[in-house]
Structure formats: C-alpha cells, structure tokens
Amino acid sequence: MAEEQARHVKNGLECIRALKAEPIGSLAVEEAMAAWSEISDNPGQDRATCKEEEAGSSGLSKPCLSAIGSTEGGAPRIRGQGSGESDDDAETLGIPSRNLQASSTGLQCYHVYDHSGEAVKGIQDADSIMVQSGLDGDSTLSGGDDESENSDVDIGEPDTEGYAITDRGSAPISMGFRASDVETAEGGEIHELLKLQSRGNNFPKLGKTLNVPPPPNPSRASTSETPIKKGTDARLASFGTEIASLLTGGATQCARKSPSEPSGPGAPAGNVPECVSNAALIQEWTPESGTTISPRSQNNEEGGDYYDDELFSDVQDIKTALAKIHEDNQKIISKLESLLLLKGEVESIKKQINRQNISISTLEGHLSSIMIAIPGLGKDPNDPTADVELNPDLKPIIGRDSGRALAEVLKKPVASRQLQGMTNGRTSSRGQLLKEFQLKPIGKKVSSAVGFVPDTGPASRSVIRSIIKSSRLEEDRKRYLMTLLDDIKGANDLAKFHQMLMKIIMK
C-alpha cells in the first residue's frame, strides 16, 4: 500500500512539473472548454468525437486535462467520457439513462484501486460509482491505464473512519447501491446479499455478483519501513468493517474467591449457579462476507480464555491489599488527629498547674511572715541584761486558742484560778483585767478611728491637704482651697473649714 501511494504521489509531482515547464495557454483552455461545452450540449455525440476533441488540445497531457472543468457545470468532468458512454454503461448496469444524464452536470474524476494495485475504471463521481462485472476485478472502461496511473488525486488519504480507500478493494455492486451506500451497508444488508448468492438467486442483471476480498494480512501491513500516516504509524492494519451486532459472546468468566476477609457483612450465595471455565465465541458470519471480527476476539479464540485466571486473582488480591492499606491509613490519621487534640488539652492543663503552683508559693511566703505577739512577756528593751526568757508562743503560727496568755493580764494569779476552777468542776477563763491593760474611753474632742477632729497642729493641716488633693474637684478650686487653708489660724476656723470642705466634696 505504501508503494502504491508513493507511486501516485510521484505521478502527481510529474504532472505538476509538466504544467510548470509548459504552461497551458489561454487558447488551449478555451478550446478545451468549448469541447466540453459541445459534449454537454450534444448528448448523442459518440466517443470518437470526444477523442478527436481531446487530441485537438495542443500539448495537454492526459492527467492534466482531467482537471479542467466546464464553466457552465461548475465542476470538473471526466476526460474522454461523453453522455453516450454514460448511457451505454447505464444500460449495461440496469440504471435508467435519464437519471444518469441528470447527474452528469457536475461530475468529478475519482480513481479506485483494488488490492493488487490495478486501477478500476468506469467511475463517474463519488456518489454514483459503477463498476463492471468481472471475477478478477480488472475490468476496463474508458480512460486508459495512463490516466488512472498519472492521476493527481491522492488515493491514500483516509476517510472519516480512518481507513484508506485502497483497503476497501473493488466490488461490483448492484444497481441499488452507490459508493456511499457500500460504506454504510453493514450488518443485515450484506448478510441478505450473501444469503441470496448462496441460494443461487442471481441479481436482475447477469454478471452482477458481490465479491468482497479477504482482509489484508496484518504481518504484511507491519513490514513497511516508513510510516505514511501519523495516525496508524504504519504498524496497525485495517481489518475491514467490523460487524459487532452479529457477534454474541459466550458465558461470563467467573472470579475466584478473594483470600482476604471482607470488611462488611457478606451476602448468601447459595443460589449462584456453577461457574464455567471457558466458553466458545458464538458468531454469525461466513468467510465469504468479508466482515471480520475484532483482532481481540481472534486472539482470544486462538489463545484460549479471555482472561488469565491466575493473573486476575493476583490483581484482585493486590486491589484488596491496597484497600486494606488505605483503610489502615485512615484509622492512623484519625488517631493522630485525636492525639493532636489531646496535646492541646495537656498544654492547657500544664499552664493551669503552673499558675496554681505560683499561687501556693505566694501563700506560703505570706504565712511564713505571720508572727503573733503575746503581750506581757519578753525582754525589756530598756534592760537588755534581764534574765527573762522569750515567750515560747512568740513564733510563726496560724492561730491560737482563746485561753492562752490570759493569766498574764488578769488580776488573780494562775494557781488560785486553777484551784477555784477545780472546786467548781470547770475551768473558768473569766477574770478582771489589770488597769494598765484596760482600754480608756474614746474622747469626742480628740481624733481617733471613730472620726477626725482638726486642731491647730501640723498633722491636722496635713490631713486636710490630703483630703483636698484626693478629691475630684477642679484644679483651680483645689488651689483656691489650699490658699484658704494657709490663711486660717485658729482651731475653730479650721474646724469650720473642714466641715465646709466635706460638704463641697460630698455634693
């Protein structure tokens, strides 16, 4: 196939070089257009007239002339094929000449080649390809071999389905099919044609048979040295038209039991039928149809089973192991997240413990500095040489009982109080304090904790100044009150000033 395409490209390049070397003159173009116009205007003209007009074209090569079209039809026409030839071919193939003549106004030259590389003639356009009957597929129509070999049309271009035209071969088609119909006539239509041929029923016209060549050998297609098309890379072969609707698969392959334990609850499988290790492929096709099954189906039929049981079980085991690993990873991640939360809580607990330790240390410092002094005992500061010992109760303590150190402040001695308490059956802590330890009554004219009574002393003036400074009065009024306080001399005036100041502050 690659050699044929290279040969076609070479012929096209030669045609282009010939046109560049000897450009077509305007006179030759006008004569050619006039000849084609006469052919379209005179349907009864024979082939000889067409050949004479063709010979009259000065210096035009055959492949170059096939590209010249009529201005009236708007599309190129086939060289050397008049309406008379079209009528003859139409009558031979059983097609009415009226329809063929109506469709011949916009014909375009196409060339089709079979698998042997020989050109198939008798083509009008892509929508009405008619091929003469013949078993060898080498029928000849008008145009000659030179025209088909030197054509500048690229036959190797793939169609919309990715197959080249040379892969399709040549097949005489019945009168009800066109070229586009052959590409889409799959399945039931081809099957019906094959059934009619096998039963011996001939087509309406003699010599009309459907001969589909066998598919090309994949080994031959893969031997090309340089790839022609980038899509196939010259290593994939076309296997014809695949009829997927006529193929029926066999039994479904069974899967082996997985050795791993299922993660979820299982389902009963008592009603499951027994498995089938292998089943042959059921197909409905004949070797003469030209339709082949897919390469995968052929390899599976030759090799045996669709899947290797051991490989399939290994893949399933690997998938199960990966799923188990993923599940374990998810559990580990969840535990790590919980650990992170616990870490934050532990940090907060540590901070609280540190704060409590600081508070306890502060309390211990305060408790160690507490001293309870008991009056009446101790050394006289004026007589440091006295033989009086320190009171043992003079030590850091938190509290003491209410009866301790009362003997030193009462009038009666301790021995007499104990004897009297024993005779009465109870110990009495009541007694009269000595005069030196008794509190004197509070005087109303002297400053005490009960109230402030100003006098002419400097202490009273200092207290009044502190009251003025700590008040919420304005600065101007504070300065004014300070000036008045300095001017006051008597005790009565100072007492009145104090009363006035308290009224101003309390407002």
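Along the chain as shown, the residues are counted starting at 1.
Glycine is no exception: its Cβ is also placed from the backbone N, Cα and C atoms.
According to Swiss-Prot, the features are:
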COMPBIAS  133-143  compositional bias 'Low complexity'
COMPBIAS  144-160  compositional bias 'Acidic residues'
COMPBIAS  260-270  compositional bias 'Low complexity'
MOD_RES   Ser86  phosphoserine
MOD_RES   Ser151  phosphoserine
REGION    1-48  region 'Interaction with N0'
REGION    40-92  region 'Disordered'
REGION    133-168  region 'Disordered'
REGION    201-228  region 'Disordered'
REGION    252-273  region 'Disordered'
REGION    304-376  region 'Multimerization'
REGION    361-377  region 'Interaction with the L polymerase'
REGION    396-410  region 'Interaction with the L polymerase'
REGION    457-507  region 'X domain (XD)'
REGION    459-507  region 'Interaction with the nucleocapsid (N-RNA)'
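Each residue in the region 'X domain (XD)' (457-507) gets a DSSP state, and the totals come to 42 helix, 0 strand, 9 coil. When the region 'Interaction with N0' (1-48) is classified with DSSP, helix, strand and coil residues number 38 helix, 0 strand, 10 coil. Note on the region 'Multimerization' (304-376): DSSP counts are 60 helix, 0 strand, 13 coil.
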